[in-house]
Amino acid sequence: MEECLKMIYTRRSIRVYSDRQISDEDIEKILKAAMLAPSAGNEQPWHFIVVRDREMLKKMSEAFTFGQMLPNASAAIVVCADPKLSKYPYDMWVQDCSAATENILLAARCLGIGSVWLGVYPREERMKALRELLGIPENIVVFSVVSLGYPKDEKDFYEADDRFNPDRIHREKW
């Protein structure tokens, strides 16, 4: 199997982390991958906040129903958007930031780092909580948070059950 596909097929939401810290160099590699995501009209509307402070990660976890992994994460990346950068009258930044978030997940997997995508947008209470905690300006939309850490057990990277479903594929028309 090609190495790239292996990384995709074995990417999981990893919620239990070891104490090993992620290097600044690897965080930068992950952010570079995020910034190489496709964006409508090449507008690249994203901004990223890297959070490593353990107390802040704990506070951030309280904004989520399922954010319990954040206090033990090595880092979190908050993906934000500046909708004013849009060249179009519709919100293409949502797709752009989704692509950037997925690139973060895949780059982390390629580096042996576990990750979890925590949805923020369009949940107003989550956006408000993170905006207040992190000093994010009102004109910036908080899109997602990605929790990052080395898995406590390397076996967490396993190939999932085959989710391929030919019934969901339509050729030429529905």
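Every residue number used here counts from 1 along the chain in the order it is shown.
Placement of Cβ uses the backbone N, Cα and C atoms for every residue, glycine included.
Bear in mind that the values here come from a model prediction, so they are computed numbers and not experimental data.
The NAD(+) binding site feature in Swiss-Prot is assigned to Ala107, Ala108, Arg109, Cys110, Leu111, Gly112; the stated evidence is similarity to another entry.
Within the same chain, residues at least six positions away from Cys110 (NAD(+) binding site) with a Cβ under 8 Å of its Cβ are Met7.
Counting only same-chain residues at least 6 apart in sequence, those with a Cβ under 8 Å from the Cβ of Leu111 (NAD(+) binding site) are Asp26, Lys29, Ile30. By a simple count of nearby Cβ atoms, those within 10 Å, the most crowded of the binding-site residues Ala107, Ala108 is Ala108.
In this view, Arg109 (NAD(+) binding site) is surrounded by 20 other Cβ atoms within 10 Å of its Cβ, with every protein chain counted. Shown in sequence order, Met7, Ile30, Leu106, Ile113, Ser115 are the same-chain residues outside Ala107, Ala108, Arg109, Cys110, Leu111, Gly112 whose Cβ sits within 8 Å of the Cβ centre of the NAD(+) site. Gly112 (NAD(+) binding site) has a Cβ environment of 14 other Cβ atoms inside 10 Å.
Taken residue by residue with DSSP, Ala108 (NAD(+) binding site) is part of a helix.
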